[in-house]
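Annotated features in Swiss-Prot:
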{"type": "BINDING", "residues": "81, 84-85, 89, 91-94, 109-117, 121", "note": "5-phospho-alpha-D-ribose 1-diphosphate binding site"}
{"type": "BINDING", "residues": "81, 112", "note": "anthranilate 1 binding site"}
{"type": "BINDING", "residues": "93, 226", "note": "Mg(2+) 1 binding site"}
{"type": "BINDING", "residues": "167", "note": "anthranilate 2 binding site"}
{"type": "BINDING", "residues": "225, 226", "note": "Mg(2+) 2 binding site"}
């Protein structure tokens, strides 16, 4: 059994905590037992010290223990970014999820409303006509019927509401900002995760490795929480409990360099229209970014043990075919219809 003075004292002294200690702290927070001051102190002290794989794993373990369960058969894929890059870009991961589903992956996307941008994944999906208030059993059925479903984080991790006030009042990013992509409630087997924070990206990769998940964690060298098309990206490739690091250059895949402004988005209605134009066949910088990120997701889903440069070539080709054949557009149409029933 830990205590708050013990946990906070260790963090203030710069000492690392065990997974058991962070799991205890998260249990206090998510049960409503921790005070606002204790939650804020823990969040800031852990962030200031710098998180370890073991510490974040303890937080993740507790979140999973208290999450609303959802059971979806088959090999599952999630594509999500941490946010926080302040790029105000279009919803690349959401579009990539639809394209990956069009290519045959079974996608269970875990996401939330916007925190630091104008439109989060939940916001744009609502604007596209997808209902978010369905029970877990129906969401699982939709995944099987359509090939994609969406788990709204607030519904599947309801105990996180206890951390909402201190997080909002702090007004700065903390470790909590990185937990959503690590806690897909369907326990997706393959994950393509964008992380804007260069310190946290390898930590997130380590958490996936510890859990035995196949994952690609990446960060654009321009700071984007995606595989970027404006320059190169760093990639942490997770398979078999091991993490390897490499780089991705879109030029190697025949993708032209883009200007940063070409990926800038707007509010949910604007970004939903960008999705529709992409699926209708519009070419350009947005399509290139989506093809690259959907290709990465398909690579980790289909070929997790292959070298990234080889798997990415095949993944990008499948992503292009998903768009060009109309398969991705049909996925969205079926998804909207399925959530309306």
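Quick reminder: no glycine exception, Cβ is built from N, Cα and C everywhere.
Most other Cβ atoms within 10 A: among the binding-site residues 110, 113, 167, that distinction falls to 110.
Put simply, of the binding-site residues 81, 89, 112, 113, 167, the one whose Cα is nearest the Cα of residue 225 (Mg(2+) 2 binding site) is 81. Of all the binding-site residues listed here (112, 167, 226), 226 has the Cα closest to the Cα of residue 81 (5-phospho-alpha-D-ribose 1-diphosphate binding site). Between residue 113 (5-phospho-alpha-D-ribose 1-diphosphate binding site) and residue 226 (Mg(2+) 1 binding site), the C-alpha separation comes to 18 Å.
The residue listed as 'anthranilate 2 binding site' has 110 as its nearest neighbour among the binding-site residues 89, 93, 110, going by CA to CA distance. When secondary structure is read from DSSP and collapsed to three states, residue 225 (Mg(2+) 2 binding site) falls in the coil class. Least packed by the Cβ count within 10 Å, out of the binding-site residues 225, 226, is 225. Listed binding-site residues: 89, 112; maximum Cβ neighbour count within 10 Å falls on 89. In sequence order, 79, 80, 81, 109, 121, 192, 194, 226, 293 are the residues near residue 93 (5-phospho-alpha-D-ribose 1-diphosphate binding site), counting only same-chain partners six or more apart with C-beta under 8 A. All protein chains shown were included, and the count of other CB atoms within 10 Å of the CB of residue 81 (5-phospho-alpha-D-ribose 1-diphosphate binding site) stands at 29. Taking the Cα atom of each, residue 89 (5-phospho-alpha-D-ribose 1-diphosphate binding site) and residue 112 (anthranilate 1 binding site) are about 16 angstrom apart. The secondary structure of residue 112 (anthranilate 1 binding site), as reduced to three states from DSSP, is coil rather than helix or strand.
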